[in-house]
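Listed in TrEMBL:
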type: BINDING; residues: Ser22, Pro23, Ser24, Gly25, Ala26, Gly27, Lys28, Ser29; note: ATP binding site
type: DOMAIN; residues: 15-194; note: domain 'Guanylate kinase-like'
Amino acid sequence: MNPAKSSPVQIARRGLMLVISSPSGAGKSTIARTLLETDRQIGLSVSVTTRQRRPSEVEDVHYHFKSVREFERLRDSDALLEWAEVHGNFYGTPREPVEQAMAEGRDMLFDIDWQGAQQLQEKMSADVVSIFVLPPTMTELQSRLHRRAEDSEEVIQTRLANSRAEIAHWREYDYVIINDDLNAALDAVQSIVKAERLRRDRRHGMFDFVRALLEETPSL
Ligand code: ADP
Ligand code: 5GP
């Protein structure tokens, strides 16, 4: 450490596309929300959806809620980076905010299902870091869906029935986390983000730094 220097060295890097998926109720939105509160460098990709708004949800904060017709218009005009039908509703990622964030080297978090993760992986594999969140047991998954108390019994049963098919995709992700203790799961996600930000191939500013380092002649 150079005592004459006042600020730490900043190395320019590409933004991360942090994708988090899980069966419904495993806790990915809780993990995502806490991560966003603790890490101001990450922005949330707010999806469009045709599903009903939950009582606790706020328009344009949790989702952009759309009719099927509006959704189809966005999809057909190529305004969505990816889209999928999940549990009988349409969901999609608006393209423009993502392209802007990536151009500016900002990190973005995507709470999307395995179909969306696959599409982003195909289109932007160099920038995607994917995490799959598992529940500790299926019994706990069921009780979390009930404890959340924001969906009807019918919706909960549809989500539970779909959960095994979603879990089957766990091997397509870079990292897999079991969300038993929430703090431990959050800690794991924070560690992944910290390490991925340090990857050499993401830090294009390293070329200038090393060049300057090698040109420097220490004055003793
Ligand atoms: P998802 O986004 O995966 O559908 P949520 O984040 O909405 O799931 O979590 C579902 C419910 O489980 C919520 O009531 C949440 O508070 C609770 N929950 C999340 N993580 C844990 C955990 N580690 N232990 C106990 N309850 C949890
Ligand atoms: P929920 O209705 O519980 O908010 O979300 C249901 C599922 O849809 C979750 O698995 C969530 O990750 C996924 N989802 C939310 N937004 C998107 C999106 O923009 N694209 C895709 N492919 N899936 C999404």
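Using the three backbone atoms N, Cα and C, a Cβ is placed for every residue, glycine included.
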Near the Cβ of Pro23 (ATP binding site), how many other Cβ atoms are there if near means within 10 Å?
27
Average the pLDDT scores across the domain 'Guanylate kinase-like' (15-194) and report the rounded value.
95
Taking only the binding-site residues Ser22, Pro23, Ser24, Gly25, Ala26, which have a CB closer than 6 angstroms to any atom that belongs to ligand 2?
Ser24
Return the residues near Ser24 (ATP binding site), defined as same-chain residues 6+ apart in sequence whose C-beta is under 8 angstroms from its C-beta, sorted by sequence, else 'none'.
His87, Leu145, Arg159, Asn162, Ser163, Glu166
Which is it, of Ser22, Ser29: the one of these binding-site residues whose Cβ has the most other Cβ atoms within 10 Å?
Ser22
For ligand 1, which among the binding-site residues Pro23, Ala26, Ser29 have a CB under 6 Å from it?
Ala26, Ser29
Among all protein chains shown, how many Cβ atoms are found within 10 Å of the Cβ of Gly25 (ATP binding site), not counting that one?
22
